[in-house]
Amino acid sequence: MRPLRLCSWNVNGLRSLQQPLKPMFDSLDADIICLQETKSSRDLSSCWAAVDGYNSYFSHCTSKTGYSGVAVFCRDPIRPIAAAEGLINTLVYVFRLTTKPPIDSSEVINVLSAELNISADDAKKIDQEGRLLSVFFPSTHLKSCNANISVEKSLAVISVYMPRLNVEETKRLEFRILFERAVRFCAYRLLDSHYCIIAGDLNAYHQPIDCCDPDESQDNVAVLSSRQWLNELMVDYQRDPRIPLRGVDVGQFVDTFRRVHPQRRSAFTCWSARTGARETNYGVRLDYVLFDQDLMSCFDRSTIPLQADIMADFPGSDHCPVWSDVPLNVITPLDYPLPSICSRFWPQCQKKQTVLGDFAAAAVNASAVVGDYAALSKPKVKCIENGRPGQNKLKQTTLFPDSISKTRRESDVRETPCDKEESQIDLSEREKLEHIVDSAEIERTEKAQLAWRSLLSGPKQPPLCRGHKEKCVLRSVKQACTASGSRRGRRFWVCARPQGARDNPEARCTTFIWDDQYQVKTG
């Protein structure tokens, strides 16, 4: 029996993917597709929310639009028995299965706030950015790929998008640490009753081989903290001994990629689009599929080997998809309905498509009806001679009565006081005035010539980089203020090649020139 295949991908905006989505999703060849950074909202069009052959589930950011968001697409006929949007709803689902009597969401919020040592209001805000979504598959409809192994638990799949590290923003760093603790608490509660898979963009690299330049961030406290969190999730044999532990319990999860490829280098999943680093494979491994060790043991006892890898050449985002086989399969047909939050139940996904020919015919008929109605209902207006509605010609072409017009015409030819005074200005005074006017005109002409000369000469010629003797490109500072004190918007020149390793001759060299300090040589 073929195992299930799970794929995780940070799409950097679902709407940015090439339409239609079905061929792209089919090319991933996965039964469960976990997406991150969808940047979508509840009004998402059906062409993205309801893909033919897939049932899908979303969690959107509610605090701002076009930000964060995760989703799960399941290939038909596979479908979950339940789906939960956010950490709190995931915990509600788990607690209802494992506690008697079942507890409601307010009680779960109290449990979470006590666990994280935060207020209930802060606990409610933890799901505002739409960073976690869970789907559940019942044990009664799961079968092991090995007939000799029984399935003892249901399966929970978490699609998660961890907050990005930003050392400059203290509040975001605090939220990242809080979210790490919440995800860990949620995952470990799931393990009481479920096999658990954590799939997503964890915005952290684990070992030095997972980063193109680990030395650059080794002294960064925030980076170390996120690596500690990831390291502490891992089982003992996958932990990095160089990362200090913080006295937590034994890790329960296995990095499936490193289980299959423990020493593979340069296996990155994210690259800077701004620097073109994908061309030189100068990136970092931020995307993971983690199995809990009980689920992994199903592979250990099976004759079917675990397979997992990255799809580094897959286009569409600054991240690439990662995938792993799951040692289970779903028994079909399924006798339970789709979860209520499935996007197929959204109003925009239930509208029947109108046949294009019918729509065109309806439009023509509507135009004819409107035209006929307009012709029949056009009011007839009588022409009134005194200039009221319906008048075809205006007999009077000026706005003044004849008496006033006559007075104006006569006054136009009379000699005014200004004319008398002007005739009395002596010749020398007139020459002075003419000289002033001529000087001003010459000055304006010279300025215009300089402006045109500057415009026609084109932009400043770029300097040549020191490493390749090629033209540099102009960039600008994006940060509010750099460590050297440079402000946002200050421009600089760098090598035009993509960023890469220092020993890669095809990568960007170290040339860096501030634009305001660069003078073009002439002559």
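Positions of Cβ are set from backbone N, Cα and C atoms, glycine also.
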Additional site residue, GLU37, GLU169, GLU232 [criterion: listed by TrEMBL with ASN10, ASP201, ASN203, ASP318, HIS319 for Mg(2+)]: GLU37
Rounded to the nearest Å - Cα separation of HIS319 (active site, proton acceptor) and ASN203 (site 'Transition state stabilizer'): 11
Integer Cα-Cα distance in angstrom, ASN203 (site 'Transition state stabilizer') to ASP287 (site 'Important for catalytic activity'): 7
Protein Cβ atoms within 10 Å of ASP287 (site 'Important for catalytic activity'), excluding its own: 24
Sparsest-packed among the recorded positions, when each Cβ's other Cβ atoms within 10 Å are tallied, from ASN203, HIS319: ASN203
Within the domain 'GRF-type' (465-518), residues counted as helix, strand or coil by DSSP: 3 helix, 14 strand, 37 coil
